[in-house]
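Listed features, source TrEMBL:
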- 2-118: domain 'PLAT' (DOMAIN)
- Gly17: Ca(2+) binding site (BINDING)
- Trp103: site 'Essential for stabilizing binding to COTL1' (SITE)
- 118-668: domain 'Lipoxygenase' (DOMAIN)
- His365, His370, His545, Ile668: Fe cation binding site (BINDING)
Amino acid sequence: MMIYTVTAHTGKQLLAGTTNLIYIQLRGTEAESEEQNLKHLQGFRQGSERAFKIDCKASLGELVSVEIYSKPFMGLLHNQWFCDKILIKTPEGDEILFPCYSWLESNERLVLRPAKASLVFQDINPIAQRQRTRQLEEQQKLFRWRVYAEGTPQVIDYDTPLALPAEVRFSFTKETEFNFNAGKQLAALKLTGLADSRRSWESLSQLEVILCGKKVKTIEYIQEHWDEDEFFGYQFLNGLNPMMIQRCSKLPKNFPVTDDMVKDSLRGSSLKQEMKKGNIFLSDYKMLDGLVGNVVNGRQQYLTAPLVLLYSNPHGMMLPIAIQLKQKPSKENPIFLPTDSKADWKLAKIFVRNAEFGVHEVDFHLLRTHLLAEVFTVATLRSLPPLHPLYKLLFPHIRYTLQINIMARNRLISKDGVINVYAGVGGESLAKFLKRATTSLTYSALCLPDNISERGLENVPHYYYRDDGMKLWNIINKFVAAFLSHYYQCDAHVQKDTELQRWISEIFTNGFLGRDGSGIPSSLQTVTELVKFVTMVIFTASAQHAALNNGQFEFGSWMPNFPSALRKPPPKEKGQTTEDSILETLPDVSTTVNIMAVLRLLTQDCADQYPLGHFPENLHDEEVPCKLIEEFQKDLRELSDLIEERNKNLELPYTYLNPKNVDNSVAI
């Protein structure tokens, strides 16, 4: 007799254990075992490891797969089992890992493959080939594309999180904690009577009462400095959206700023001279042009499409020197300057910050991280079997993305969602803006080195997003290059991998809508191309999302710094603005506190989250990938130390790209 030792590992999450009867069958290249009941007196408890002996008349040959089956005890007690992995010791003494990390429902079967990764053309065993094909067919039935809105990336074809396959849903711990936090935020607003109040704020000091008890260094700093030019300029580099600003070598024709207007700001120099030195920068919100503001709490809101001219002065400070609130210059569209009245200049900056809310939340946050991460997730689940090396590499970076995006569609951007109810960019303009943003999306904009170069920001001082982001991009790129080169040893391997080519084709077709002008490849021909694209995928789902998401409450809780809607149109002339008219323009109480509650929820830490470089699933048993993961983790730790050391000397530390604060995936 040949004896195979089977060790079944039950997950540690709540309710992972089962009272069901678990059956197993081993399949090899020479034979297969009989289906055997894994009987154990203590059952399969949460976090347990149970060992069993399986007797076979002869060797099964090389193990190809393991099939597990769950049957209700006495046909009555139905419950799930979360199996982490199956470890098998063969009669020859080899140990073979079969990762699972899935829920097994009653009367359901799962086929597990060995942890050793393989490309489709390397899987030459007929049994393995058939199982690989069958598994992909099942995945394609489970994970289907759907058009969400014409002209925008397609999404997963499920309406509710509970309808998703169990293995891609939130864990019990995360779901419970998320729903509790959401309920707590809403209950607090209702109890204070602020959630439904349509009155204006009588003074900004009233906002301090809401923030009482939330003593966070960044929030306190913003509360004190929000209307200062230095901080206004700082946010273009290191705020919630460090993606808009670009070097300006020639003024746009529709932004007629003269030397006379900015002579005080430039200390006697001229725009031409400072442009030549590379010190003039532009932030142009033309994507918002022509969009009509939403109706919030029964009142019309107003959107603008500002142009902001900035100057990097000799002290390394980025300062605003001119603001035009609409795209078309006219007498009723004045260019506001720091030399104008304090109230005029403050209101102009508030309109810019409102435009920033719309561009940040819809284009850079929703589209460029959440929706793209969903595209990468669905394409991975549809095109790559679990034993594909790219599937194993990307698996930590697709965790929970489908569920959080379905929740966002249901709670944030649905007809009665928070953005549509409380944001000026909501309503009919939301879909129009999202379509515009999708049309303008390019591959180079998603690749940080290319993006920084295109915007001419290589040498701007105190640009911590760039500094930390480039280091993080390089660390990810180094890891991805070494990992993929282990499996794709020449360009021909990339070209022959039909599963990989289907993956990139689905991303190009369903995510970027087949637009050649996007620069997204529709096929991959070289290892170099593959490495760059996968680096972008991982960076987008982890680092870029962290940079754009994690500071939302810190930068947005002081409402004047990040107003979601404005109730009065932009001024048509200077000298008419007062502190009272500013309060009348800012969001009402209800809008303020409901947006604050959402920003708070979207940035809260969760017990079930995994920082970049953490691999909770044991998907690898080969020496090379395991060693590369250790090196990757070491590089990330060293970067964390560097960032923390630098931040000791900063009045306002930049923490969002510290690897400790970067989640593996878009999971919140």
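The count begins at 1 with the first shown residue.
Each residue, glycine too, has its Cβ placed from N, Cα and C.
Just so you know, TrEMBL annotations are computer predictions that nobody has curated.
Where TrEMBL records a feature, it is marked here on the structure.
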{"residue": "Gly17", "record": "Ca(2+) binding site", "Cβ within 10 Å": "21"}
{"residue": "Trp103", "record": "site 'Essential for stabilizing binding to COTL1'", "Cβ within 10 Å": "21"}
{"residue": "His365", "record": "Fe cation binding site", "Cβ within 10 Å": "21"}
{"residue": "His370", "record": "Fe cation binding site", "Cβ within 10 Å": "25"}
{"residue": "His545", "record": "Fe cation binding site", "Cβ within 10 Å": "24"}
{"residue": "Ile668", "record": "Fe cation binding site", "Cβ within 10 Å": "21"}
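Secondary structure of the domain 'PLAT' (2-118) per DSSP, as helix, strand and coil residue counts: 0 helix, 64 strand, 53 coil.
Listed in sequence order, the residues Leu366, Thr369, Ala373, Ile404, Leu548, Asn549, Leu602, Val666 complete the 8 Å Cβ shell around the Fe cation site centroid, once His365, His370, His545, Ile668 themselves are left out. Between the alpha carbons (Cα) of Gly17 (Ca(2+) binding site) and Ile668 (Fe cation binding site) lies a span of roughly 27 Å.
Averaged over the domain 'Lipoxygenase' (118-668), the predicted model has a pLDDT of 93.
Taking the Cα atom of each, Ile668 (Fe cation binding site) and Trp103 (site 'Essential for stabilizing binding to COTL1') are about 22 angstrom apart. A straight line from the CA of His545 (Fe cation binding site) to the CA of Trp103 (site 'Essential for stabilizing binding to COTL1') spans 28 Å. Between the alpha carbons (Cα) of His370 (Fe cation binding site) and Trp103 (site 'Essential for stabilizing binding to COTL1') lies a span of roughly 25 Å. Between the CA atoms of Trp103 (site 'Essential for stabilizing binding to COTL1') and His365 (Fe cation binding site) there is a gap of 31 Å.
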